[in-house]
Structures are given as C-alpha cells and as structure tokens.
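J.: This structure is in structure tokens; I'll ask about it shortly.
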Amino acid sequence: MSNRRLNGERLVIATHNAGKLREIGALLAPFGIECVSAGELGLLEPEETGTTFVENALLKARAAAQAAQLPALADDSGISVTALGGRPGVYTADWAERQWFEGESGRDWFMAMGKVEGLLCEQGPGVDRSCWFSCVLAIAWPDGEEVVYEGRSNGAFTWPPRGKLGFGYDPCFVPDGLDQTFAEIAPEKKHEISHRADAFAKLVAEQFPG
Ligand SMILES: O=P(O)(O)OP(=O)(O)OP(=O)(O)OC[C@H]1O[C@@H](n2cnc3c(O)ncnc32)[C@H](O)[C@@H]1O
Ligand SMILES: [Mg+2]
C-alpha cells in the first residue's frame, strides 16, 4: 500500500448502488473533488470474487481505474451479526436476491433482512442481537497504486424494520447509543456515526490533510 494522494484529477465513484453513491457524494462534497459515477461512464459491474471486504473493494476500484484511466474509489461493505458467526458479512448483498421489480440496486432488501431475522429467531428469544456494519474504501490509480481505509459501526439488529431513509439494511440497524435505526435518522446524522463515515474520516485525514 502507498501513501499516494489524489491531486485534482476526476475521481470515479466505482459503485452501482444508488444509496452508496448518494452517501459518498455527500461525504466528498466539502473537498471539491470532481466526481463521475461508474454508471455515468457505463462501466460494467465486476464480479465480487473476493472473500474479504478489502479484496472486493480493491477489485472494484482496480476494474474502474483501468476501464476509465482515472483514479477510482470503491466501497465494499456489509453487516455482520455476532450470533450468526459474522454472517452475512462480505455476502450481505448476495443475501438479497436480484428481483425483476424496481428497488434499490434491484434487490429485495426486505427479504434479506427477514432472512437474518429468521436465523436469529431460530436461536430463541434471548438471542444476542449485536451486529456491526463494516466499510472498506479503496482508491486505485490506473498506474497500479492503491490505498484502503476501513471503518466500522456497532449496533443491534432490530425487527420489524423501521424508517424510510438510508438504504439496504438500514431499517434494521440501531447504532449503539441511539434508539432509532439508521433509516430513521437524518442523513447528516448517519454521516457522523456510520461505518462509511468512520472509513471516510481515515481517508480524509490522509488524502485531504489540513
Ligand atoms: O458493489 P457496489 O456496486 O458498490 O454495490 P453493492 O450494493 O453490491 O455493495 P456491496 O457489494 O458492498 O454490498 C454491501 C451491501 O451491504 C449493505 N450495506 C452497506 N452499507 C450499508 C449501509 O450504510 N446501510 C445499509 N446497508 C448497507 C447494502 O445492502 C449493500 O448492498
Ligand atoms: Mg457489490
């Protein structure tokens, strides 16, 4: 890994998830970086063959940097449930089957959250509901240099889902210290405490110091 910095080039946001794109755009806004999304450039979604968040974030960033010949920022993230041995973890998106109907990233998030809840219920009423969101941000440059930043947010998996804000598993995640889910709090508040914000703080400290 290097300590390479972005220096005014356009940055590709290498995600096909509209919710992530919105959050990354808001988190980058104060730094005046010109961004273009993978969708706007018509980039293909690479197959996520890694077994860790770091591997998948890097493979998504590399694929976009090579295709666009620009630096690219990718995000690999997911929710890990203690009582499920850390599942779904790196397979969080895969637990939500692709659907023919329109939804966030065309996936059925309600079904995926129900699958987590079903597995927790099998363990009885006193089950440990603690869980955490992980986020790895990777920047890759077309010449092969790359950096990664890791973030985490601890909380509890709640049922039924609550709230209409955010995306993905947000309606079932109550961060430690709050009573509301990530889907019930304002985006600005989520940006203060989320796994993505945690990783972003590390990115900002290195990429945009002072
Ligand atoms: O790979 P890209 O194109 O970026 O988009 P994706 O949706 O496939 O993203 P991931 O492979 O990283 O899968 C992570 C899944 O974890 C969930 N997730 C990640 N961050 C989240 C957040 O802040 N709130 C709710 N769910 C989140 C969400 O359902 C994502 O689809
Ligand atoms: Mg993905």
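Cβ from N, Cα, C; glycine included.
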J.: Pick the one from SER77, SER80 that TrEMBL also lists for the substrate site with THR15, HIS16, ASN17, ALA18, GLY19, LYS20, PHE167, GLY168, TYR169, ASP170, LYS190, HIS195, ARG196.
T.: SER77
J.: Among the recorded positions listed here (GLU47, ASP76, ASP170), identify the one with the smallest other-Cβ count within 10 Å.
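T.: So among GLU47, ASP76, ASP170, the recorded positions given, the one with the fewest Cβ atoms within 10 Å is GLU47.
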J.: Which recorded positions among ASN17, GLU47, ASP76 have CB under 6 Å of ligand 1?
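T.: Only ASN17, ASP76 qualify.
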J.: Compute all pairwise C-alpha distances among THR15, HIS16, ASN17, ALA18, GLY19, LYS20, SER77, PHE167, GLY168, TYR169, ASP170, LYS190, HIS195, ARG196, the residues listed as binding substrate, and give the largest one in whole angstrom.
T.: 20
J.: What is the one among the binding-site residues GLY19, GLY168 whose Cβ has the most other Cβ atoms less than or equal to 10 Å away?
T.: GLY168
J.: Among all protein chains shown, how many Cβ atoms are found within 10 Å of the Cβ of ASN17 (substrate binding site), not counting that one?
T.: 20
J.: Counting every protein chain present, what is the number of Cβ atoms, excluding its own, within 10 Å of the Cβ of HIS195 (substrate binding site)?
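T.: By my count, 26.
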